[in-house]
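Trainee: Input: one structure, supplied below.
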Amino acid sequence: MRTATYFFIFLNLSLAVFEEPAVYPLPFLVTSLAEVVCLLVFFGRLTHFAKVTPRNVFWKDTKNICIMVAILLSLTDLAIYGVLRIYNVRSIRWSRIVRPIFLINFAESRQIRRAFRSIRNTLPEITYVFLLFMFSLLMFSLMALKLFGERNLQTAEGLPYFRNYLEIVFDLYVLVTTANSPDVMMPAFDFSSWYALFFIAFVIVNTYIFMSLFLAVVYNNYKKHLKVMFGGVTCD
């Protein structure tokens, strides 16, 4: 039963690869039938839990309620999407975001649930570091707007360079990962090589200091909560 449950959970999550917009598109009838089969299996597994569990215990377990709600939402979304498709009305499958609920809430997924709970408990403790990082990013973006916004610089594609604040925030956010380095600074560097100091300072502060600090806080808090859970302090 555990193997079958994992198989259908994997199949249900894999449908996103074949549904529109798809990497490998399949006919809607094929993906919808596969999803209905998965939901029937999940409902059957839930019914099995209900048969072997006292009624007051079953209905007090939030995991069972989450699975039931996810099944109802998925079926409702599938029916609405199918009707709209018949009338050639373009829509999206919004219920895809509830599919990981099946992976987390079945009894077989105890270890995954513990890891998820540890991540959830870690989030409040990293909020302050994340806010500091965002404050630094916003301040550097404002500095970039003041430095380059009025110099009528252009990118290699001929687009305005660092004249829109939100676009600057996004470009510098990408620069934290160094994915757009050094392309993002070349228009400013071509204008004056001294402007490279701005981007060097940004990378040092945000990539090497804040990202290292952020990852250290995430790792330490996650390890702490995971150790507490596997130590038996919290119950499943």
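Glycine too: its Cβ is placed from the backbone N, Cα and C atoms.
What TrEMBL says about a protein is an automatic prediction, not a curated fact.
On a predicted model such as this, the values are computed, not experimentally measured, just so you know.
Pasting the feature list from TrEMBL:
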DOMAIN    5-224  domain 'Ion transport'
SIGNAL    1-16  signal peptide
TRANSMEM  26-44  transmembrane segment
TRANSMEM  65-84  transmembrane segment
TRANSMEM  126-145  transmembrane segment
TRANSMEM  165-182  transmembrane segment
TRANSMEM  194-219  transmembrane segment
Trainee: I'd like to know if the transmembrane segment (126-145) touches the transmembrane segment (194-219) in this structure, counting it as a touch only when three or more C-beta pairs sit under 8 Å and are separated by 6 or more positions.
Mentor: yes
Trainee: Note the mean pLDDT of the domain 'Ion transport' (5-224), expressed as a whole number.
Mentor: 89
